[in-house]
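Colleague: TrEMBL feature annotations, pasted as is:
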- A:12-32: transmembrane segment (TRANSMEM)
- A:39-58: transmembrane segment (TRANSMEM)
- A:64-84: transmembrane segment (TRANSMEM)
- A:96-115: transmembrane segment (TRANSMEM)
- A:148-167: transmembrane segment (TRANSMEM)
- A:179-197: transmembrane segment (TRANSMEM)
- A:203-220: transmembrane segment (TRANSMEM)
- A:232-253: transmembrane segment (TRANSMEM)
- A:259-279: transmembrane segment (TRANSMEM)
Amino acid sequence: MMAELLTTTALPIMLVGAMVGIASSAVGTFLVLRGNSMLSDAISHSIVFGIVIVWLLTKQQSGPVQLIGAALTGLLTVLLTEALASTKRVKQDTAIGLVFPALFSIGVLLLNIYANDVHIDTHTVLLGEIGFVWLDTLDIFGLPIPQALVSMSVMTVLNYAFIGLFYKELKLATFDPALAKTFGFMPSILFYVLLMLTSSTAVAAFDAVGAVLFIAFAIVPASAAYLLTDRLLMMFIIGALISIASSISGYYLAVYLNVSIGGMMAVMTGIFLMLAFLAGPRYGVITQLVKRQRARQAPVEPPPSV
Amino acid sequence: MVWLELLSDYTFQNVVIGASLLGLISGPLGCFAVLRRQSLLGDAISHAALPGICLSFIITGSRDIGGIIIGSLITGSAAALIMLMLTRLSRLKTDAALGACLSIFFAVGIVLLTYIQSTNNASQGGLEAFLFGQAAATLRSDLWVMGSITLVTLLLLAVFWKQAKLVTFDAEYARTLGMPITVIEASLTAMVALAVVVGLQMVGVILMAAMIVAPAAAARQWSRHLGGMLTIAAGVGIVSGVSGATISTLSRGLATGPLIVLTATVIVLISLALAPGRGLLWGVIKHYRQKSALQKQQLLYALYKHTADPSCTPSTLGSRRMLNKLKQQGYLTRSPRGDDGWGLTAQGQEEARRVVAAFEELAS
C-alpha cells in the first residue's frame, strides 16, 4: 500500500511541497516577526554562489556538504550586509540590495564559465523542478523515497529541533532583544544560527522549488499566520497547515491547468495570505469593517442615572 | 583595431546604447528609492514584471515590446500597491509585505510562463530571456522605445523636481504645504517601475534590483546634494552599463547582466573606500596618523622628563620603526646618550619641550 502510493508521482510531489513549506515557514516565522523577511530574499539568491563554489571545490551537487556550504554562504551574505551597514555609509536595506545581486551575479558568471561541466542551469536555479522529485530516489526500508523528501525532512527536523531546544530564548530574543541580552541569551548568535538554518533549508528546497519560490514558502505562510494569531506556537502550527494546504491544492490546480507545480503551490500560499488579510477573525480587513459598522449601529447606552 | 571593429559592430552598438539608457534612468530614480528607504522596492517591482510580460504575450501573442512594457508596468505597479495596502491595512511590516509580493507575483509569472509553454506557441521562444536579460537581442526599435521612456521619465522628474525633493526629505512639511504627497509618492514608485521596464531587456528581472540600488549608493558617497547625487548616479549607471556590455562582448559568452551588476558593485566599493570626506580609507589613514603622532609625543615626553629613569630608554618606549622614523625627522640620533645608542638631538629637545609645555598646559 505504502510502496504503491510512493511509486505514483502525486504523493511524493505533494509531500515534498508540504515539507518545503513546513521547514521554511518554521524559520520564516522568526524572520517575519523580527522584520528581516528580505534576508530570505538575499539568502535564497546568494546561495547560487555557494552552490557553485561548493561544486567547484568538491564536485558535489547535493548532500551534506552542500547544506553546510549553503549555511556558510547565508552567513557570509548576512555578515557582508552587516559590515556594509556598519560603515554607516549605506542603510541596511541598501546593503542587502548591494550584496545579494553581486553574489548572485558571480554565481551566474561561474555557471556561465563551467556551463559544460556542471549540471545546474540557470533555469533550475530560479524555478526548480518539483515535478521531477520522484526521479531521484533513495531506498529506505525497501521503499523508494525521493531524495528531496529525505533532505527536506532532515531540515524540518533540524529546524524544529533548534526551535524546540531554544524556544524560550528565541521567543525572548525576538520580542525583547534587550532583555534577552541582559539574561545572557546572546540574541545575535541565536539569530545567526537561525539564518544558517534558513540557508540550509533554502539549498535543500532548491532542487524542488528554486531560489525565488523559496521566498514564498518562507515568508508567506508565516505572514498569513501572523495575521491570524497572537501566539508564537500557533504561528508555527498555522504556517505548517497553510503549507500543507497550499501544497495539495497547488498540485491539483497545476496538474489541471498543466502549469508549473512549484509555481502554483507558491501562488496558493499567496491566496491563503489574501484570505487571512481580508477575512481573518481578528485582524482581517472585512472583520474590522463589520466591527466598525456594528459599533456605529449599536444603540448608545444611556448614562447610568444617578 | 579590435576596438574599431567592435565600435562598428551593430549588435555591440545596440547593447552599449541600451546599457547607457538603463544607467541613465535607473541611476536617478534609484536615488529617490534609496533616499526614501525603499531600496528593495525595486527588487519587488522587477520580479513582479514577469507576470506582466507573460500576460501581454498571452493577450497579444507576440513579443512586441510595447505590450511587454505596458504589461510589466501594470503588474509592477500592482505589486507596489498591494505591498502598500498590506502594510497600511494589516499589521504586516514592510519587509514581510515586500517579500510576499515579490515571491507571489514571481510565482504567478512562473505559472503563466509554463502555461504559455504548454500551449506550445511557436513564437514564445525567448520569453525566459527576460529572467536574466538578453542584451545581445536588443533591436534598434527597442532602443527607440527605451530612449523615449527614459526621456519622458527624466523630463517628468525635472518638472516635478521641487515636489519630489520635498517629499523625499520632509514628507510632513510637504503635507502641511498642501502638496498631494500620496500622488507624488505613488508617481515616484511608478517611475521605478518604468526604470525596471527599460532594464528588462538588458539585465533581466532578477538583477534589476542592483541597478536601482548600486548607482545611487555609489553616488551618495560623492555628493551631499540631490542634484549632484542624481547626476553622478546616472554617470555611474552609464559607466557600469557600458563597461559591463563591453566586457561581455569581448569575453564572448559571459552574460551581460551579471557583468553590468558586478561593475556597478565594484564602483560602489571604490566609492565607499575613496570618496572625499566619507571614504573609509581616509578614516583609516587619519586614525593611523593620529596614533603615530600620539606615540611620538609620548616618546619625546618620556625622554625629556624622565632622563634619570633607567627604565625609560628609547628602545623600551618605542618600536624600532618608530625610532628610525624619528631619526629621519631629526629628533633622535644614534650616538650621544650612552644607554642604548639613542638620544635626543637639539631639535628633539626643542620639540620635546614644546610637547611637555603643551601637555602641562592641558593638564592644568
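Note that Cβ sites are derived from N, Cα and C of the backbone, with glycine treated the same way.
Whatever TrEMBL says is automated annotation, not expert-curated.
Note that the coordinates shown come from a computational prediction; the quantities given were computed from them, not determined experimentally.
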Colleague: Considering only Cβ pairs within less than 8 angstroms, which of the stretches A:148-167, A:232-253, A:259-279 has the most against the transmembrane segment (A:12-32)?
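Modeller: Highest pair count goes to A:232-253.
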Colleague: Quick test of the contact rule: Cβ under 8 Å, at least six residues beyond the ends. What residues does that give for the transmembrane segment (A:64-84)?
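Modeller: Cβ under 8 Å, 6 or more out: 39, 42-43, 46-47, 49-51, 53-54, 58, 90, 92, 95-96, 98-100, 103, 151, 155, 192, 195-200, 202-204.
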Colleague: In the same chain, who gets a Cβ under 8 Å from the transmembrane segment (A:39-58) while lying at least 6 residues past its ends?
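Modeller: For the transmembrane segment (A:39-58), the sequence-distant neighbours (Cβ-Cβ under 8 Å, at least 6 residues beyond its ends) are 28, 31, 65-66, 69-70, 72-74, 76-78, 81, 96, 99-101, 103-104, 106-108, 110-111, 114, 118, 120, 125, 195, 198-199, 202-203, 206, 211-212, 214-215, 218-219.
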Colleague: With a Cβ cut-off under 8 Å, give me the same-chain residues at least six positions beyond the ends of the transmembrane segment (A:203-220) that come close to it.
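Modeller: For the transmembrane segment (A:203-220), the list is 16-17, 20-21, 23-25, 27-28, 31-32, 37, 40-41, 44-45, 47-48, 50-51, 62, 66-67, 69-70, 124-130, 133, 148, 151-152, 154-155, 242-243, 262-263, 265-266, 269-270, 272-273.
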Colleague: Could you tell me what the rest of the chain brings near the transmembrane segment (A:259-279), counting residues at least six beyond its ends with Cβ under 8 Å?
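Modeller: Same-chain contacts beyond the flanks: 13, 17, 21, 127-131, 208-210, 213, 216-217, 220-221, 223-225, 227-228, 242-243, 245-247, 249-251, 253, 285-287.
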Colleague: Who are the chain neighbours of the transmembrane segment (A:148-167) in space, where the CB to CB distance is under 8 Å and they lie at least 6 residues beyond its ends?
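Modeller: For the transmembrane segment (A:148-167), the far contacts come to 12, 15-16, 19-20, 22-23, 26-27, 62, 67, 130, 133, 136, 138, 140, 190, 193-194, 197, 200-201, 204-205, 207-208, 236.
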